[in-house]
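*Asks:* Starting off with a structure, shown below.
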Amino acid sequence: MQVEVKLKENAYKVYIDELEELEFDTKVFILSNPKISGLHLKTLLSKIKAKEISIATVKDGEEYKNLSTMEEILSQMFNSKLDRKSVLISFGGGVISDMGGFAASIYQRGIDFINIPTTLLACVDAAVGGKTGVNNNFGKNLIGTFYQPKAVYCESSFLKTLSSRELAAGMAEFIKMAAIFDDSMLDFIEKIDEKSFLNATCENEIFTQIIAKSIELKARVVEQDEKESGLRMLLNYGHTFAHVIENFTDYKLYLHGEAVAIGMVMANQLALNLGLLDKMQSQRIKDILLKFGLPISYKINSVDEFYEAFFMDKKSSNKKINFVLASPLGKGLIKGDISKEDIITTLREFQ
């Protein structure tokens, strides 16, 4: 199956379960992590024909998604003597996808790259859309670029080796899309047998459907708003809170999808307090998150510090915090006129 991301410039296709043979008449640089290399690199290498292939592995995890690791990646790219016609392949989860895309965008002012995501989270979100970047002490993804891949290959077979925790984290991003764009997808999610899904014993078709539904939706959004000036901001539902949580826990306590799950609960509580969402809908999201073993609570130590951290969010401007809220489920809105008092009231409910 193929989904085209129809951008004015740099249009590309996402191939779902169609990774057969990749031929290049140039050098190829594969960026991965030790775990994915051990599990799947042999399979990938059997499908690639190129003048020369270089492989670099970096530590996995959001805590390593920083400028220090980026320097390592770039050094290995220079040592591999890549030129402007070389191709970088990001082979891993969201962290690898973000860093690989960023490295490709700045190496000699830009080389082509291909995403081959190996986690559900990367398939449904990180690998498509052209957002690249790294974290720093001030927050998540604050250093980065918009840089589109030449192609994306999502293989459901790679997902079979994921842990239940990683699968649940990917599901959180799918729930996010459903809650903000299409509540009929929530019906689909509620019908999934969570046991076989979390054990990765479900039919490949389930993974394929989740990936296809997500990518089709995200592709339409990115086509209308590639640089996140309006509609695309809705994809950040749950993320305004999640990014603060991740930063405050040094990116070590939660997987990104887990932080997003908590962020959605917080965003829904804010919407509930503002009369934009009813209690039944808020509870529905909690129930779906719990169904997949995702966290729904976080203890805020300092409400004032948490509030101030919002202003490092990329969606904020002129001392105004733009919150993405569901109102109702299946329809998102961006609200930038919420008083400090209302925000603080919601945050206090998580102390």
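Backbone N, Cα and C define each Cβ position, glycine as well.
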*Asks:* Need one residue: from H40, H239, the one Swiss-Prot lists with E173, H256 for Zn(2+).
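*Replies:* Matched candidate out of H40, H239, per Swiss-Prot for Zn(2+) with E173, H256: H239.
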*Asks:* Taking the Cβ of each of the binding-site residues and counting other Cβ atoms inside 10 Å, which one has the highest number: D60, H239?
*Replies:* H239
*Asks:* Sequence order is fine: just name those binding-site residues in D60, E63, G94, S97, T119, F158 with a Cα within 10 angstroms of H256 (Zn(2+) binding site).
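*Replies:* Matched binding-site residues: G94, sequence order.
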*Asks:* Between F158 (NAD(+) binding site) and E173 (Zn(2+) binding site), find the distance joining the two CA atoms and give it rounded to the nearest Å.
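*Replies:* It is 18 Å, counting Cα to Cα.
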*Asks:* Radius 10 Å, atoms counted are CB only; among the binding-site residues E63, E173, which position scores highest?
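*Replies:* Sorting the candidates by Cβ neighbours within 10 Å, the top entry is E173.
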*Asks:* Sorry to bug you, but what's the C-alpha spacing from D60 (NAD(+) binding site) to H239 (Zn(2+) binding site), rounded to the closest Å?
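*Replies:* Approximately 21 Å lies between the Cα of H239 (Zn(2+) binding site) and that of D60 (NAD(+) binding site).
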